[in-house]
Amino acid sequence: MGVKDLSKVIGDHSPNSIRLKEFKGYFGRKVAVDASMCLYQFLIAVRQDGSQLQTESGETTSHLLGMFYRTIRMIDNGIKPVYVFDGKPPQMKTSELEKRTERRTEAEKQRNDAVELGDETSVNKFEKRLVKVTKEQSEEAKRLVTLMGIPVLDAPCEAEAQCAALAKAGKVFATVSEDMDALTFGSPILLRQMIASEAKKLPVKEMNLNQVLKDFGMNMGQFVDLCILLGCDYVSTIRGIGPKKAFELIKKYECIENVLETINQTKYPIPQDWQYKEARRLFLEPDVMNCENLELVWKEPDVEGIVQFLCVEKSFNEDRVRGSLTRMQKGRQAAQQARIDSFFSVSKVVTSETTKRKNEEKNNLKKRGPSLGKKAKK
């Protein structure tokens, strides 16, 4: 879920923090990608006939197709991704995960009813609600991107939190995810719609956390408390408090403790055993690996390894795969050349400026006339 209605609240109160940019505008940038979110999106992006891509034996390959082509698109545009996968979910997320399981069970019943009625549109809708990324699919995705030479990290806990930690440490420019809680975890920049299909021609939606805090008139602690009131994966919401009310309460009372002391708890009943302090701690002190000494290395793709995996094992079209890998390698070379050209152009500018300064100094000396240490000729 991320944080309920946070995108709307930011749109209402901090429109300047949102920029729509072209994909190619991130040339030369390193980004941390919430891989688990990507896989989910690839799996729900079913074909027009409502089915997922599969091998002849019935194995789903939508996740591999999506990961392969989205990665190539990024590399082709000079973007260097790091894929971060979810680790063990925090204990406080158990309730949310149980709710998701219940929703999938209900969706399965509704899907079966729709099948009996021959309602194809409803069948497709409920099929998407049944999607869950399996451990095997995650491992296959890791294998693929590793063969492609892309760094892979297994987060101790939440992938978005680890992405945010990488961004805060300056290892990457931004977090790539559709989950808004990447901002709540402190990612300075969040990029949404970056992994959308190229055919959709959607701009990348860039969100700037510092601008959000400035426009909201809040510090990070207050922003986290706002996100908890809006609704997150760790605790229930307070019935009757929607996005507008939540924003007003934090603006006025600054923290959840003050809100609870002030509001009418008959009108706004507090959930039993509401562990908002623990939720706050999970956002402000998430379980992440230390990024300070972490070295991210992008390697040459293992072309034959990729062909073996995708074409031999997963029945992908070899000509298309090899053609795409050629495009990827050209993209890598272009990015490297651009960085070299950039280096020399900067050096040229510096040299030019130095020469210009020396010439100006010579001209100034001529204008001043003879130096003080010499006698002027009569």
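Yeah, the Cβs are placed from backbone N, Cα and C, and that goes for glycine too.
Matching Asp5, Asp76, Asp86, Asp215 to the Mg(2+) 1 binding residues that Swiss-Prot gives (Asp34, Glu158, Glu160) identifies Asp86.
In the record from Swiss-Prot, residues Asp179, Asp181 bind Mg(2+) 2; the candidate from Asp154, Asp225, Asp233 listed for the same site is Asp233. Here the region 'I-domain' (122-253) has, by DSSP, the following mix of helix, strand and coil residues: 68 helix, 15 strand, 49 coil. The two recorded residues Glu160 (Mg(2+) 1 binding site) and Asp181 (Mg(2+) 2 binding site) have their Cα atoms spaced 7 Å from each other. DSSP assigns Asp86 (Mg(2+) 1 binding site) to coil, not to a helix or a strand. Note: the Mg(2+) 1 site is recorded as Asp34, Asp86, Glu158, Glu160; in the same chain, Ser36, Met37, Val84, Ala155, Ala159, Ala161, Gln162, Cys163, Ser177, Asp179, Ala182 also have Cβ atoms within 8 Å of that site's Cβ centroid. Each residue contributes its Cα atom, and for Asp233 (DNA binding site) and Asp181 (Mg(2+) 2 binding site) these two points are 9 Å apart.
Mean pLDDT across the region 'I-domain' (122-253) comes to 92 in this model.
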